[in-house]
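See structure below.
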Amino acid sequence: MDQCVTVERELEKVLHKFSGYGQLCERGLEELIDYTGGLKHEILQSHGQDAELSGTLSLVLTQCCKRIKDTVQKLASDHKDIHSSVSRVGKAIDKNFDSDISSVGIDGCWQADSQRLLNEVMVEHFFRQGMLDVAEELCQESGLSVDPNQKEPFVELNRILEALKVRVLRPALEWAVSNREMLIAQNSSLEFKLHRLYFISLLMGGTTNQREALQYAKNFQPFALNHQKDIQVLMGSLVYLRQGIENSPYVHLLDANQWADICDIFTRDACALLGLSVESPLSVSFSAGCVALPALINIKAVIEQRQCTGVWNQKDELPIEVDLGKKCWYHSIFACPILRQQTTDNNPPMKLVCGHIISRDALNKMFNGSKLKCPYCPMEQSPGDAKQIFF
């Protein structure tokens, strides 16, 4: 992150210089145009078009040419200074970022199955972004066959999202009404918030929409139990239609941020109905890689320096723990209290008869003959009675 801040600081310097240089150019050139235009007008008025120039006027023209030359040279010098600032950005990138990250790659990780999974994740990402033509082209080039039914939900969701971004609520309302039962089952407030936004859009029309707003308020009836206070606020705002909602105590109803919020709520609830994560798996993986990469490059350099290459030779395990932050916590993990290792698919957590949990490797190392004594309580039991558990 520090490297990104350093590069961003250099980039801001360049942008600031570009902005100042543009204003300087515009102001300097305008002054020259006004000066030479005025001089031309004065010459034509006093001497005519074909008359010879006097010594005084020749001196004035010489000074004008010198002024133009000095201005051009100054602009060229300032532009050269900006060029050096741009080159410093490139040097900052080279200094703070490792251009070769192949050293942290694992040989043989991109087998046929892994490549196919990567292509599927990329196709799903393009579907999520509404880039259907790119996704189809990738399917053709990679030989990946995608069920057409997989594409249809993304087409509909992107169509609705594009409408919401331009503040058109009708497609989203129709979708919410058709999926009302499933939205209620997951305690979603999406449909109510869509009706609320539509009602507010009617309020913005003033008294001309008063009758329509009262009629539309009937849509709030199914939500009265869970959103009684919100509905009361909406109905109370009708009193101020004549003077305008923007001039009333209900001006908060016109907050523009609620349109961005409704887009996020729709994306979250729609993805939940489809059994998808809110964020694209490709975006999450890329972000996690950006966070982990500096630490992995550093540990790789230490491993090579100390000549202990055997430490990092497993495909499913890293040599160090990388903290990706709470936003990347998606499931529970279990670390064996005996071996102090995180459990994996090959070494799953096992529940003993007494209720204590250890890893399978610890279980195999601790039993003696046909008996196993729990390391936390004196209960003896058979290793075969242990059961694998899932978090």
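Keep in mind that glycine also has a Cβ here, set from the backbone N, Cα and C atoms.
When TrEMBL is compared with the stretches 126-167, 210-251, 336-377, the one noted as zinc finger is 336-377. Note: the domain 'CTLH' (153-210) comprises 47 helix, 0 strand, 11 coil (DSSP; helix = H, G, I, strand = E, B).
Here the domain 'RING-Gid-type' (336-377) has Cβ contacts under 8 Å with residues 316-317, 383, 385-391 of the same chain, all six or more residues outside its ends. Note on the zinc finger (336-377): DSSP counts are 7 helix, 11 strand, 24 coil.
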